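Please read the structure below before turning to the comments.
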Amino acid sequence: MTIFDNYEVWFVIGSQHLYGPETLRQVTQHAEHVVNALNTEAKLPCKLVLKPLGTTPDEITAICRDANYDDRCAGLVVWLHTFSPAKMWINGLTMLNKPLLQFHTQFNAALPWDSIDMDFMNLNQTAHGGREFSFIGARMRQQHAVVTGHWQDKQAHERIGSWMRQAVSKQDTRHLKVCRFGDNMREVAVTDGDKVAAQIKFGFSVNTWAVGDLVQVVNSISDGDVNALVDEYESCYTMTPATQIHGEKRQNVLEAARIELGMKRFLEQGGFHAFTTTFEDLHGLKQLPGLAVQRLMQQGYGFAGEGDWKTAALLRIMKVMSTGLQGGTSFMEDYTYHFEKGNDLVLGSHMLEVCPSIAAEEKPILDVQHLGIGGKDDPARLIFNTQTGPAIVASLIDLGDRYRLLVNCIDTVKTPHSLPKLPVANALWKAQPDLPTASEAWILAGGAHHTVFSHALNLNDMRQFAEMHDIEITVIDNDTRLPAFKDALRWNEVYYGFRR
């Protein structure tokens, strides 16, 4: 059972009565065949549901209205099998508030050269029916995705599946509640922002809860539940001597388990799926939540440190998008550099909170070590290196008049040396196109020091996310050149300025 089982995508066929009942019967027959095949063979993340043909303005309006009010409907896939006059779609598309994808396909793959006649031409009109539909989308300035390809083509399947992930994620985001335990880290700018504007733009709400309220729940957790969770730790992780039974830091592990259970209970009771903490606001907690946060992220919760609610929300969104895909997704921070001619590297980490979904090791190390910040007991944490391969880091920032999503494509590499004194999980990567260009572009665009790191998602996923939410995206990859990047920032300033 995944979040995608809670949603469905409606498959809508556009046509008209001009062609007569026999043509419409064939259109319906083709649509049923295509939907059944896609549900069976395309490995789509959620189910396609065929709706009745849209052949009149009233029918189309009813479909769009029903989609808006059906909580299970994540979006619409529209196929213009025949020509469908686009004025029929205006009222429905005007009210539609769900994501829309135009599937530019046709039932047959090859033309029947010897038998093709006007009946065939009238039945299979995607080539120009799709253009009529696309005009009204452009005329109405309505954002929608387009996938072209035969319905049996695997690349088309992948692109539809990727869009479905975005559509489901958008619906989940509309219900997302972010809990901030304490406030923003004092005097920090980029982690702050306009929470009202964020709720208007994305749909997620952000509210603060006193740490004392959390502490009350943590203290209510029974010793039996704590011991059961620690037994789970014993089976999942490599325990250091200090954390084992009779070890000098065993009590810290027990306390970390109590915090995890308390946090999870608090989040479940409040319906929260993302949260933040800050080391400056830990009153009543015996240690900074480290292990608890890591394990909650692995269960799908969004998180960011120092009150950074934008990154916490973005992590949850990307966790939903990547559900079931290979590779993990985590809170991350560009921490320090390795400058070496031709081999510049970035070491990413955080004080404690890196998600084990990106771990290279099957059983990360569970340890308790000193943390010289926060003024509390030594916290428990999982220590591991990260899987290698292509990845992205993404940052969502508030520019006042708009949101900007920054994405840097990176290549994670194996740590060339052991890190015996580094008591935290880490990731090591090469930034594309190179560290000087990537860091300068990131800084020029105002990118945050907190990011979401993902092996599971790619640049195309984040482009779709930005388009679906109608926000700016700036990309740093192997094609980036600083003069052109600076020009793009200037052009975006003008473009979004005109849209205010």
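Please read every residue number as a count from 1 along the shown chain.
Placement of Cβ uses the backbone N, Cα and C atoms for every residue, glycine included.
Taking all protein chains in view, 23 other C-beta atoms sit within 10 angstroms of the C-beta of His350 (Mn(2+) binding site). Positions annotated as Mn(2+) binding site by Swiss-Prot: Glu306, Glu333, His350, His450.
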Compile a sequence-ordered list of residues in the same chain as Glu306 (Mn(2+) binding site), six or more apart from it, whose Cβ lies below 8 A from its Cβ; state 'none' when nothing qualifies. Asn184, Met185, Val188, Thr191, Thr276, Thr278, Phe279, His450
Tell me the Cβ neighbour count for Glu333 (Mn(2+) binding site), meaning other Cβ atoms within 10 Å of its Cβ, over all protein chains shown. 24
Apart from the site residues Glu306, Glu333, His350, His450, the 8 Å Cβ neighbourhood of the Mn(2+) centroid comprises Ala304, Gly305, Asp308, Thr311, Phe331, Met332, Met351, Glu353, His449
